[in-house]
Structure formats: structure tokens, C-alpha cells
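Copied over from TrEMBL:
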type	residues	note
BINDING	C43, C46, C80, C83	Zn(2+) binding site
COILED	134-200	coiled coil
REGION	212-293	region 'Disordered'
COMPBIAS	212-229	compositional bias 'Acidic residues'
COMPBIAS	232-257	compositional bias 'Polar residues'
Amino acid sequence: MSERKVLNKYYPPDFDPSKLPRAKRSKNRQFTIRLMAPCNMRCKTCGEYIYKGKKFNARKEDVMGDSYLGIQIYRFYIKCTKCLREITFKTDPANGDYELEHGAMRNFESVRLAEKQAKEEAAKVLEEEALNPMKLLENRTRDSRQEMAAIEALEDIKELNARHADIKIEQMLTQKREQEKQYELLKKQLDEEEDEAEIKRVFGKSIVKTDPDEDMESEEIIEKTEEEVPLAQSTTKPKTTISFTQPFNAKKQSSKNPLGMIIKKKSTTTEPISKPPAGLSSLLACYDDDDSS
């Protein structure tokens, strides 16, 4: 019994491969292949729709005597999935597509129609340029303008991208915070102005706002000046003495003086003592009492 899987076979010394008979292949030979439907189609016999991408077991053959610029054209045979009618189509190298021959009709495709119209328009423009040199010059001028506009737009986009790349996130955040603070201050100022205008409209007079810190400083300055005034500056000016006694009527005093102190003024001027004239005393000394006489 010989070996089932051999690596080397025995060739006798008198073996001549040229003497082996060769099988003759027909020129129109068909191959069984597996392919997908190249487009949406409809069977002419039963009206069954065959969609693009549906798989078939097909037969392939060369189209005899038909080629495009040396490119061989192939024909394919498939069967309808419902009525088993044979459908044939072949390659179209000129348009890079497939062309239906028998058994089915191609469905309408808007994309294919738009591409076909675009190709026809391009061919028409080329024909006009070939016949009319002025038209060619106009088209070239228009194309150059469009190209310059596209270059300028591209440069603007590059500059904008570079500017965005230079921006730092922290810097943007700080600027945003500063803008928010300024907006809040402005809003607060506007609110205060509106409040003042409303109060002036209601009460009919303006209100002057004072700072409490400034009021305290002014009171301290007044107290210091009162303490530093010398006692013998002037004998004619009245002196003020402060007594910390409880006032009789607290309500009345509180309205006049917020500290609840009574201020009394004492005059320091001294009246001169009147002396009798010397002439009168001498006259009285000259006369004696009636009783003594």
C-alpha cells in the first residue's frame, strides 16, 4: 500500500512532459462565480425587484470581438429569484459601470443621472472652448479669480487657527472674570442711581449719603479741638461746661442732643465795683447831726 500524502513523487528517467496530451479549451468558455447584483433592477417577466448587493451564483464569459481600449469586456448570467428567468449584463469600462442586456430593466437612479448630466456639460464646455478662443480666455480668467479667492480664504483660516492656538485658557478665564466684575459694578451703580431718582421723585428732595467712617473721624476731631483749647485765651468769651447729669425730660433732650448731655454757658466777665464819689463824703463830714448840736 502506497503512502497517502507524499512530498516527493517518482519520475522515471524516460519521462517527457512535452509528450503529455493537453486538453483543448474552448474560446467561449464559461466560469461559475459568486457575485452581487451591480444595481437595482426589475425583472421584465414577473416584475420582481432585485436590489443592489443581492448575491447570485452566476456564469461569466468573455465577450468575443468586443473591447474598450484593449480592455476585455465580460458578460454575466444570473436568474431571477422568482421566475428563474435568465438575466444578462456586461461590463462598461467607458463609464465604469454595468450595462443590462436582457431579462431586466434598470431602476431610475438620480445620482447616476446627475453624473451623466455633469459629464455632458463638461464635454459641451470643452467643445465650446475648442471652437471659440475668447470663451477659453474668459473661462481661464474666471478660474484664476476663483483660485485666488480660495487661496485668500485658506490664508484667513490659517491665520485664525494660529490665533486660536496662541490663546491660553487661563488668560481667557481671567478676562472673563474681570468682565463679570465690571458688569456687576456697573449694574450696582445703575441700581443706586435708579433708587436715588425714585426717592427724589417721591420725597421731592435729594438725599446726601454720608460715610459712617467719615462721621466718626469728624466727631473725634471736634472732641480733640475742644480739649486742646486753652482756658486763658479770652476773658470776654463765654466758657462751656459740660455736666453729665441726667436731663429732666429725656425725650426732649434726646431730640436736641444725641448724647443726652446738658450744656450750660457761664460768663466769665466781672462787673466793676462802684465806689462813692469823694466829694459826697466830704460834704457829709462837714455837717453834724441835729441831736449832737
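Placed from the backbone N, Cα and C atoms, the Cβ positions cover glycine too.
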In three-state terms from DSSP, label C83 (Zn(2+) binding site) for me.
coil
Mapped DSSP class for C46 (Zn(2+) binding site), helix or strand or coil:
coil
Taking the mean position of the Cβ atoms of C43, C46, C80, C83 as the Zn(2+) site, which residues outside that list, in the same chain, have a Cβ no more than 8 Å away, listed in sequence order?
K44, T45, G47, E48, T81, K82, L84, R85
Residues satisfying Cβ distance under 8 Å from C80 (Zn(2+) binding site), sequence separation of at least 6:
C43, T45, C46, E48, I50, E86, I87, G103, A104
Would you find the one among the binding-site residues C43, C46, C83 whose Cβ has the most company, meaning other Cβ atoms within 10 Å?
C43
Mean predicted confidence [pLDDT] for the coiled coil (134-200):
89
